Amino acid sequence: MSEALTPRQIVEKLDQFIVGQKEAKKAVAIALRNRYRRSLLDEKLRDEVVPKNILMIGPTGVGKTEIARRLAKLVGAPFVKVEATKFTEVGYVGRDVESMVRDLVETSVRLVKERKMNEVKDRAEQQANKRLVELLVPGKQKQTMKNPLELLFGGAQTSQQDTYQTYEDDHIEQKRRQVAWQLANGQLEDEMVTIEVEEQQPMFFDFLQGAGIEQMGMNMQDALSSLIPKRRKKRKLKVREARKVLTNEEAQKLIDMDEVTQEAIRLAEQSGIIFIDEIDKIARSGQAASSADVSREGVQRDILPIVEGSTVMTKYGPVKTDHILFIAAGAFHMAKPSDLIPELQGRFPIRVELTKLSVDDFVKILVEPDNALIKQYKALLATEGINLEFSDDAIRKIAEVAFEVNQTTDNIGARRLHTIMEKLLEDLLFEAPDITLDEVVITPQYVEQKLGNIVKNKDLSEFIL
């Protein structure tokens, strides 16, 4: 997707996956469009225009993360989601806040590398097919002369060998042409072939993560990988699987990793989106100050320079955070946005409040999005030859149950529907392979039968739904 989408078009695209929350969609659409507008400015002014970071306020399960994730996917921007509670102050054991930028760059490198490999895929597949032909019809190894004197006294014999060798080479070449034709026509897809692949090195240093090594801006495994020789092992695969492995190897040879790295850093700096969840958990609770509050404030102060704009060292090189879009989110049940330190509040000038989901919202979530739950379950049961249908009243009943359980127990938003739908269709999903019916219709009576008693019993609701 192009970044030249208008705010209205962006909102329409988000509407395909997320129900309601117009204000939040509007805010992120404007932020994305501003990036496009900034790219059209002259270089001097472009550096001065920084993104307006967004603070989303709303309960869990109303679409905060999904809005940011879908936005990034819409324009092919690198996106990472981090939880503020996972970070610790500099000097303490745990993840330092700069790791979010390193994660973003890793994501960006992966995106760019994937795109570059897709660009050379056709050439790589041609090379892979050539290698497959050579593996399926191996050439005869030429014999080397053991004694140099044979050059002087073995002339006639050598001439005969050369003639025979030429005949053999022609025969192999002819056979390879035949195999290449069969490969091109998909006639050898199930043939077995032995290939050599790089053996995955075990991650020796995973246990050290978070113990200060991350602050070095590099992964020790990568640092030592150049010292440890890469081992190769033989694998026997079907031709169709071997082609994928060989195509991947050939594509990696065709791309320039230095170019990938430079483009990835530029993409992360100019288009990256970092979503900081649970930011309310590191705000002061408004009660008397405690050591926990001091620690939380330390994390806020560590986040501040990254959000303001600084340079973070990564294993790919220095990365500037000045133009990365930060979207922070939190429920703010126990704390208020004003409980964040003033400097950090000022770095999130756009605030949007996401509303709790109503019964009507639940109805829309069940049927409208492209990835709606009902569409998913219908597709799953269609694989068993069963046409699953829901009456409008049944959908309404499911939405009412979800809303009621959210009201009487913890409000987990749209995630409640996953639990309810799984419980509702549990027996059907279990019995599906043995059912002889072609069509099953879910009615309000069926919903009441499966969920009614559980909803009425608060204790059961807390444990089951």
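Quick reminder: no glycine exception, Cβ is built from N, Cα and C everywhere.
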Look at the ATP binding annotation in Swiss-Prot, where VAL19, GLY61, VAL62, GLY63, LYS64, THR65, GLU66, GLU343, ARG415 are given, and name the residue from ASP258, ASP277, ASP280 listed for that site too.
ASP277
Sparsest Cβ surroundings (other CB atoms within 10 Å) among the binding-site residues GLU66, GLU343:
GLU343
VAL19, VAL62 as binding-site residues, winner by CB count within 10 A:
VAL62
